[in-house]
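Below you'll find the structure, written out as structure tokens, and then a few comments.
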Amino acid sequence: MTDMSAAYVEAFLEMMSAERGAAANTLQSYERDLEDARSFLRSRGTGLTDASADDLRSYLSHLAGQGFKASSQARRLSALRQFYKFLYAEGLRTDDPTGILDAPKKARTLPKTLSIEDVTRLIGQAEAEAKSGSDDVMAKLRMHALIELLYATGMRVSELVSLPASVLAQNGRFLIIRGKGNKERLVPLSQAAIRAMRAYGEALQEESADSPWLFPSNGKSGHLPRQVFARDLKSLAARAGIRVAAISPHVLRHAFASHLLANGADLRAVQELLGHSDISTTQIYTHVLEERLHDLVQNHHPLAKQAKKQD
């Protein structure tokens, strides 16, 4: 970036990191989005720090014309809102041009998920391979632990792969997860997840006792990259006879939430377990609640029972 935009964006990113605990991925996303907006505005002879509300509307219209989904437009507008709020708070602008902009309307698509039967097959495949004693047993123990932990807790894949090795010492029925914004939450573990983690942990102590990560690797981060886990998960799904296109770590997170709600869990409790700061994010799962209520009425309402008998 040129002129003062570079310095202001750098100061903004430093603030987001130091004061709000933004993760590296979040900071990179902000930087990319602000750079894209700056490039568009520069082509119109306007600087990023001097843009008006009309300039920013033109930018959003440009994104729509380029075929960006409403969710992608909304994400970039969110980055701009944060940036201009920072400039206003620091006295670097006398106004916030994003204050009068409407957010692009996002379609509330239902998340992909897996049936309980498919999850059972997936976990069963991972468990069988971990117990087979064949080659590369460490990788198979790791995959079994990853799958059990993900489905037991519903944590984000970034939270899963970056778990510290110290969780092995907790030796309890709960796991402390450090999520977005450095916020911590407590999630319960299933007995199956505890067993899988212990089996993997014992093997890990023999192979990588000095690593600070539960799932260490030789990569830059020091822990298993989420892309590697996603790739290995698809391979496992193929061996389990599950459609590869239907599987990803995020789909398992959705399965965790959907299966809990389908079996009577409270929406607020699921919100806490998922680490959603706003209940509206969790409300995308309300279709599960609607199906459960429909089944409840059909199976237990006296008139519905009577109609079934007549059929």
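A Cβ is built for glycine as well, from the same backbone N, Cα and C atoms used for every other residue.
Here the structure is a predicted model, which means the values were calculated and not measured.
Residues annotated as active site in Swiss-Prot, with sequence analysis given as evidence: ARG156 (among others). A C-beta separation below 8 Å, combined with a sequence spacing of at least six in one chain, links ARG156 (active site) to GLY179, LYS180, ARG253, GLY275.
Annotated active site per Swiss-Prot: LYS180 (among others), in sequence order.
HIS250 (active site) carries a helical DSSP state (H, G or I). Sequence annotations record features per position, and here Swiss-Prot assigns active site to HIS250 (among others) based on sequence analysis.
The 10 Å shell around the Cβ of ARG253 (active site) contains 22 further Cβ atoms across the protein chains shown. According to Swiss-Prot, the active site annotation covers ARG253 (among others).
As annotated by Swiss-Prot, active site applies to HIS276 (among others), with the evidence given as sequence analysis. In three-state terms derived from DSSP, HIS276 (active site) belongs to neither a helical nor a strand segment and is classed as coil. Counting every protein chain shown, the Cβ of HIS276 (active site) has 17 other Cβ atoms within 10 Å.
Taken from Swiss-Prot, the feature active site, O-(3'-phospho-DNA)-tyrosine intermediate covers TYR285, and the record attributes it to sequence analysis.
Marked as domain 'Core-binding (CB)' by Swiss-Prot on the basis of sequence analysis: 3-88.
Among the features that Swiss-Prot reports, domain 'Tyr recombinase' is placed at 109-298, with the record citing sequence analysis.
HIS276 (active site) sits 14 Å from HIS250 (active site), counting Cα to Cα.
Other C-beta atoms found within 10 angstroms of the C-beta of HIS250 (active site) number 16, with every protein chain shown included. Around the Cβ of LYS180 (active site), the number of neighbouring Cβ atoms within 10 Å comes to 15.
The average pLDDT the prediction assigns to the domain 'Core-binding (CB)' (3-88) is 91.
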